[in-house]
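Here is what TrEMBL says about this protein:
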{"type": "COMPBIAS", "residues": "40-66", "note": "compositional bias 'Basic residues'"}
{"type": "COMPBIAS", "residues": "82-98", "note": "compositional bias 'Basic and acidic residues'"}
{"type": "COMPBIAS", "residues": "99-108", "note": "compositional bias 'Acidic residues'"}
{"type": "COMPBIAS", "residues": "141-154", "note": "compositional bias 'Basic residues'"}
{"type": "COMPBIAS", "residues": "169-187", "note": "compositional bias 'Basic and acidic residues'"}
{"type": "COMPBIAS", "residues": "204-272", "note": "compositional bias 'Acidic residues'"}
{"type": "COMPBIAS", "residues": "300-309", "note": "compositional bias 'Basic and acidic residues'"}
{"type": "REGION", "residues": "1-309", "note": "region 'Disordered'"}
């Protein structure tokens, strides 16, 4: 066997010139097996360390990516909100500008008409002046109505908000009073049950003393009666405790129901506010469209008047 190994080593160039590297050690010897197992365990350990490092790296990478995505989402949301606010402000600004332009156009149109009529001739000037005055008055009234309507709307919204706040405050106060009242009631009931137990105990002691003083026969029957009375008292105490527990459970259920009702009311109020906002926006858009149409009609009518001979 050794000769074969030596020959093999000579062929493979594993001999140092004089002696082969492996002489008498066989692959199945215990020291070789121990070395092999140690090598394998080292390899496994190294592999495990590398896998744990890689998994940690992957975890860090995924967490970083998730955080970046969340930050980007928050930025997007903020940007979107800002853009919506900008659009809303722009719409309001445009509506204001259109109202001002409309008022200026009405005033300018009235001035032009007055100048034209004044230059037409001497007769019938009083009627023209009266008509002009009437139209100016109507315009003033119309603008006043609009102004008053806006103020009234604003006042109503403020009153609704104040009413909501007041209702919320009253509900909180009422709930607090109910909680305090239920606590007092519970304490009174406990105090009453304690007093009843004490009185019963006192009566029993007095009866025992009287029986002892009287002495005599019937001792066994008296003991049985006393045991029955004690059992009845224990049953009564258990019933009282069960009633108290039931009352506590009922109170907790009532509190939970009240909390649920409050949450539902808050949700309804929020939905109502959203509906109001939507209605406001719709009415604003309608007003803008109607103003634009009126302006268009005015321009076309002015052009038609200019074309007439």
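Residue 1 is the first one shown; counting continues down the chain.
Every residue gets a Cβ built from N, Cα and C, even glycine.
Of the candidate ranges 82-98, 99-108, 141-154, 204-272, 204-272 has the most C-beta pairs within less than 8 angstroms of the compositional bias 'Basic and acidic residues' (169-187).
Residue counts for the compositional bias 'Basic and acidic residues' (169-187) by DSSP state, with H, G and I taken as helix and E and B as strand, are 19 helix, 0 strand, 0 coil. Remark: secondary structure over the compositional bias 'Basic and acidic residues' (82-98) totals 17 helix, 0 strand, 0 coil, with classes taken from DSSP. Secondary structure by DSSP for the compositional bias 'Acidic residues' (99-108): 10 helix, 0 strand, 0 coil.
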